[in-house]
Ligand SMILES: Nc1ncnc2c1ncn2[C@@H]1O[C@H](COP(=O)(O)OP(=O)(O)OP(=O)(O)O)[C@@H](O)[C@H]1O
């Protein structure tokens, strides 16, 4: 189908406004738009019409601001009712997708104890709050902490056929972990093939509901599990968690190098325990400063966010109510939400994906923003 010049111009205006809006977080503003006008004459005449925007990323907390900006900057939209739907694409991977799972995002750290699991569970909740369907898989076979952080360490997945299992559902998040299946001491002695076999079973024998993102909490390091996961599971991308000090960023660097070698895009670095903020508002940097930024610059990736060393993060994670879920209004929660939006925008706009029809592909290089103008009267 060929669009009229007039229509294309209008679409480009909307598309540029949306892309510009989501570039506020320093993300690429190069999203192209695809438009299906149900009632083109009305739209072109500037008459009132409902418009539906379909975004390839989940950014629920920003939608009111987006609509306001569109109405203010584009007079043709001033009177329109604007609906936004999320339509997260499936990332193209070398391997076939896991049934029902659109994107698999590994959360990895070089060094242990830097807060990778706390970041994974809070990221899962934050993506959900931004409108995504989310699952979490605890791939830390040797030291699973996701069951504790989700508050159900004694739960077991159900199975109807003794072959496949249903994930645990915690506040709408689908979860599975070796910690739900055996006691953690038994898992701690597993090595090599036994651990990788267990991981593959956890991934492929869980009946995941439809998920936009499956967050995989990896064990620390760059060992067997990482190689298995990278080579045998359709990973979309990885997020690296580190603390700022050199001893941690040096290990994080090895992790980034591993993903680069395996051609798995690294979305960026989350710097955890970045600073300490005292009640008076003053910040101090007990683990030094600037380590993640330097690492990010070396690898031309972004720092997705910096989280404080915070009693609230520890207490809520270790008591099974991650802070994003427990304290919706806290400043720490807003940092996790911002990280989640960046992850989602990056997956939706920078990775190769295949949700487009042939016609859409012909008219668009990138599917981050998919604008559908529809007549809903
Ligand atoms: N920003 C933070 N401020 C304070 N405590 C934190 C923070 N992030 C994580 N923690 C706490 O630090 C401890 C270790 O965190 P976590 O288990 O997430 O680390 P990890 O990197 O996954 O560890 P492992 O190497 O064992 O997998 C936990 O008690 C957690 O609640």
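Every residue, even glycine, has its Cβ placed from backbone N, Cα and C.
Whatever TrEMBL says is automated annotation, not expert-curated.
What TrEMBL says about this protein:
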- 110, 111, 112, 113, 114, 115, 116, 117: ATP binding site (BINDING)
- 362-377: compositional bias 'Polar residues' (COMPBIAS)
- 357-377: region 'Disordered' (REGION)
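Considering only the binding-site residues 111, 116, the Cβ with the fewest other Cβ atoms within 10 Å is that of 111. Following the DSSP three-state reduction, the secondary structure of residue 111 (ATP binding site) is coil. Residues within less than 8 Å, Cβ to Cβ, of residue 110 (ATP binding site) and separated from it by at least 6 positions along the same chain comprise 220, 221, 222, 240, 242, 248, 250, 251, 252, 253, 254, 255. Taking a Cβ cut-off of under 6 Å from any atom of ligand 1, the binding-site residues 110, 111, 116, 117 reduce to 116, 117. Every protein chain considered, the tally of other Cβ atoms within 10 Å of the Cβ of residue 117 (ATP binding site) stands at 27. Other residues of the same chain near the ATP site, with their Cβ within 8 Å of the Cβ centroid of 110, 111, 112, 113, 114, 115, 116, 117, are 109, 220, 241, 242, 243, 248, 272.
Of all the binding-site residues listed (112, 115), 115 sits in the most crowded Cβ setting, with the most other Cβ atoms within 10 Å. DSSP gives residue 116 (ATP binding site) a helix state.
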